[in-house]
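**Student:** Below are the structure tokens for one structure; questions will follow.
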Amino acid sequence: MIDSSSNNTYDVNESLKVENLTRDDYEEICKRLGRKPNRTELGMFGVMWSEHCCYRNSKPLLANFPTTGKNVLVGPGENAGVIDVGNDQKLVFKIESHNHPSAIEPFQGAATGVGGILRDIFTMGARPIAVLNSLRFGNLDKLSNISLLRGVVSGISHYGNCVGVPTVGGEIDFDDSYSGNPLVNVMALGLLETDEIVCSGAKEVGSPVLYVGNTTGKDGVGGASFASSELNTNSLDNRPAVQVGDPFIEKSLIEACLDAFKTGDVLSAQDMGAAGLTCSSAEMAANGSLGISINLDLVPARENDMSAYQYLLSESQERMLLVVKEEKLNTLINQFKKWGLFANVIGEVISRKEVIISQKNQIVAQIPTSALSDETPINIHNIIKEPPIHLLEKWEWTEEELPAISENKILSLKDQQKYSFSEIILKLLSNPSIASKSWVYRQYDSQVQSNTVFKPGDADAALIRLRRQDEKNKNNEFSGVAASVDCNSRWVLLDPYRGSIAAVAESARNVSCVGAQPIAITNNLNFSSPETEIGYWQLSSACDGISKACIALETPVTGGNVSLYNESKNQNNQVTPINPTPVIGMVGTIKNVDKAISSGWKNINDQIWIIGSNASESSIAASSYLEYFHDLVTGRPPKIHLQDEKYCQSFLRDSIQKNYIASSHDVSDGGLAVALSECCILSSKGAYIQLEEKNARQDNLLFSEGGSRILFSVNKKEEQNFLNFLEIKSKDFGRNVYVKKIGFVSEHNLDITLQDQTLCNLRVDELTEKFNNSISNCF
């Protein structure tokens with residue numbers, strides 16, 4: 001029977017606040033248990049019923065995502081998604097957030113974010129091969145934001161570098177909405193090394209439950225509940241809820257677990273991440289439709305005075321829970337100990353569908369697995385039928401409201417000064433959100449494992465060579481996997497539906513720009529409180545947009561993460577929500593990495609082309625130009641025509657495979673002028689561009705965003721072959737897709753003309769200086 005000692009005597013109302021539970025939750029818990037929970041059990045329900053663990057606010061929305069496809073082997077529900085990437089190889093991938101921990105303890109918060117996502121990958125039987133990250137901070141004119149940036153980057157680089165997994169790419173954006181609540185999203189990829197995918201469901205009644213890895217301490221207690229609440233001026237008091245990681249133990253854990261998985265003697269595996277031992281045991285039992293009994297006296301402890309509550313809610317890092325074959329138990333224990341890891345039998349699989357926890361010869365918790373993991377409560381929200389009035393008003397904005405252009409100069413509404421287009425381009429390149437992130441990339445080891453094809457920043461997507469024992473396939477070539485993380489949160493703020501469609505489209509476009517076929521996505525939905533009408537409408541609209549884009553582009557969702565309550569309160573209780581940020585992690589495949597291309601120009605006199613959609617809009621509404629130069633965040637983001645998007649990307653990939661295209665780069669933040677500048681900077685070559693549009697404003701031509709546009713260069717020697725191919729393929733496009741030549745690669749300058757009128761004349765070294773030094777100059 002359950003222990004009814006002093007553990008059961010506690011202030012219910014105060015404890016509910018601590019566990020972030022409501023009175024209705026408490027009544028439901030009592031109903032499910034048939035009695036009042038003791039304090040330990042209440043803590044277990046607190047973490048398992050948090051948004052972080054059970055998606056109680058978002059689950060109905062996530063159910064609409066497309067999750068199946070010809071390449072999908074494992075979708076949502078397991079530790080990570082798995083897809084078939086050909087050549088008898090399987091890719092495991094997922095994205096997770098560590099936002100709140102990074103806000104109060106940036107180094108450890110970010111470091112353990114890396115460690116946690118790596119465990120999700122190797123728990124499936126895959127060797128981690130790459131990490132990407134998507135980061136958001138407040139503007140760098142505040143010392144507190146600079147400190148957060150330093151700490152987060154240092155934490156990511158420390159853990160990734162020490163554990164030997166390359167950090168190969170990502171994105172970083174800056175906006176005041178993130179000042180009190182930075183976002184740290186980490187995506188990891190792994191290559192399956194076992195014949196069978198290792199799943200989490202417990203198997204075979206009587207099988208030993210083996211605890212493997214680091215010791216359990218008091219760090220991270222209640223971390224899942226902390227991650228599911230808003231940040232305020234007292235959040236620094238929650239530092240104990242932030243875990244402390246050890247990448248060297250993680251490295252040993254990776255190698256030891258992969259060795260053990262290969263034997264087939266591990267029946268199931270679950271990492272101890274959010275909610276620690278509570279979540280791992282409950283999910284393992286529920287996924288196997290069985291139960292688990294745990295004896296806390298057998299858990300390796302860092303301290304002697306730990307309570308059952310602390311054992312169960314600790315999120316100490318580098319720990320795994322395994323169900324193993326009893327006859328192989330001693331062999332496995334010795335194998336793990338050889339790696340310097342703790343390996344203790346702490347329980348067994350039972351037929352009764354309960355999680356039963358004992359300590360000091362007493363049962364301290366006894367809960368049905370369905371109550372903890374399967375039948376978790378869902379918060380029902382009303383979704384407003386129309387966009388908020390303030391957005392409808394912003395959507396009415398048109399470019400006619402901007403100052404007139406006179407003598408190729410325009411008045412900035414930000415500082416009331418007139419600037420030439422050349423000066424505006426330099427300003428945009430110095431915007432930290434657009435500028436080079438080399439200050440960050442230099443701190444990451446991107447080359448460890450020797451499979452990184454492009455250095456971070458050199459191409460639109462990261463590209464990893466897939467190889468086993470250095471053997472090429474029968475065609476004497478290596479296949480590869482491309483990955484990109486993307487989200488324009490300004491677009492999502494102004495239109496969550498269109499902005500989320502654009503995030504999926506851009507991530508696919510970036511993968512296509514290196515020559516890879518987009519296959520599937522993982523997503524990280526970073527939003528503010530779902531308890532406000534606007535907050536939940538943003539989340540719902542974003543999910544609708546992601547679903548539509550994924551269906552159209554045939555890139556199913558294999559899993560991901562939801563991070564809500566990303567907002568901060570100041571001393572006056574004023575709430576600042578983050579810009580809604582649904583980060584899309586796209587993966588794709590390429591048959592031969594030798595055919596992949598990067599973003600910079602390759603040869604003088606190569607022809608510069610652009611492909612895009614006539615049906616999709618391109619506009620300076622919602623653009624970086626409008627925000628950074630005019631201090632305006634307004635207008636409706638351009639619409640993406642998804643069928644045209646598919647045509648554009650397909651044509652590009654086919655042209656790359658035929659070796660017609662030498663470089664490619666998508667047109668995104670900053671528009672055409674910034675995209676051209678980036679290609680020049682990456683290659684140390686110039687470009688001569690002739691624009692012909694007659695009826696558009698010059699700033700629209702230079703800085704508009706959207707339109708599914710991709711900039712690419714064609715090798716002069718391949719131009720006729722390319723033209724012949726274009727003639728054949730253009731029959732598939734219809735009237736909605738255009739492909740046109742706009743210039744050629746030159747030596748030292750970026751020259752942009754419009755009907756013989758010079759809009760821009762800048763030396764490449766000027767562009768490079770602004771682009772490369774913007775972030776480092778903030779320190």
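Residue 1 is the first one shown; counting continues down the chain.
Backbone N, Cα and C define each Cβ position, glycine as well.
These came from Swiss-Prot, pasted as-is:
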ACT_SITE  HIS52  active site
ACT_SITE  HIS98  active site, proton acceptor
BINDING   TYR55, LYS94, ASN523, GLY560  ATP binding site
BINDING   GLU96, ASN561  Mg(2+) 1 binding site
BINDING   SER97, HIS98, ASN99, HIS100, ARG119, GLN243, GLU315, SER316, GLN317, SER563  substrate binding site
BINDING   ASP120, ASP271  Mg(2+) 2 binding site
**Student:** Determine, to the nearest whole angstrom, how far the Cα atom of GLU315 (substrate binding site) is from the Cα atom of ASN523 (ATP binding site).
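**Tutor:** Cα of GLU315 (substrate binding site) to Cα of ASN523 (ATP binding site) measures 23 Å after rounding.
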**Student:** Relative to the Cβ of LYS94 (ATP binding site), which residues of the same chain, six or more apart in sequence, are found under 8 Å away?
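**Tutor:** Those within reach of LYS94 (ATP binding site), by Cβ under 8 Å and sequence separation of 6 or more, are ASN79, ALA80, GLY81, ILE117, ASP120, ILE121, MET187, ALA188, THR522, THR558, GLY559, GLY560, ASN561, GLY585.
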**Student:** Suppose the ATP site is TYR55, LYS94, ASN523, GLY560. Which further residues of the same chain have a Cβ inside 8 angstroms of that site's Cβ centroid?
**Tutor:** LEU62, PRO76, ILE95, GLU96, THR522, ASN524, LEU525, VAL557, GLY559, ASN561, VAL562
**Student:** Between GLU96 (Mg(2+) 1 binding site) and ARG119 (substrate binding site), how many Å separate their Cα atoms?
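**Tutor:** Computed Cα spacing between GLU96 (Mg(2+) 1 binding site) and ARG119 (substrate binding site) is 11 Å.
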**Student:** Which residue, out of the binding-site residues GLN317, ASN523, ASN561, shows the minimum number of other Cβ atoms inside 10 Å of its Cβ in this structure?
**Tutor:** ASN561
**Student:** Given the recorded positions HIS52, HIS98, ASN523, find the one whose Cα is closest in space to the Cα of GLN317 (substrate binding site).
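**Tutor:** Ranked by Cα distance from GLN317 (substrate binding site), first place goes to HIS98.
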**Student:** If you count the other Cβ atoms within 10 Å of each Cβ, which of the binding-site residues GLU96, ASP120, ASP271, GLU315 comes out on top?
**Tutor:** GLU315
**Student:** Whole-number Å only: compute the distance from the Cα of ASN523 (ATP binding site) to the Cα of SER97 (substrate binding site).
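**Tutor:** A Cα-Cα distance of 10 Å.
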**Student:** Taking Cα atoms as reference points, rank the recorded positions TYR55, HIS98, ASP271 by distance from ARG119 (substrate binding site) and give the first.
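**Tutor:** Out of the listed candidates, the nearest Cα belongs to ASP271.
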**Student:** DSSP three-state call for ARG119 (substrate binding site): helix, strand or coil?
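**Tutor:** In three-state terms, ARG119 (substrate binding site) counts as helix.
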**Student:** I need the nearest neighbour of ASP271 (Mg(2+) 2 binding site) among the binding-site residues TYR55, SER97, ASN99, using C-alpha distances.
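**Tutor:** Nearest by Cα distance to ASP271 (Mg(2+) 2 binding site): SER97.
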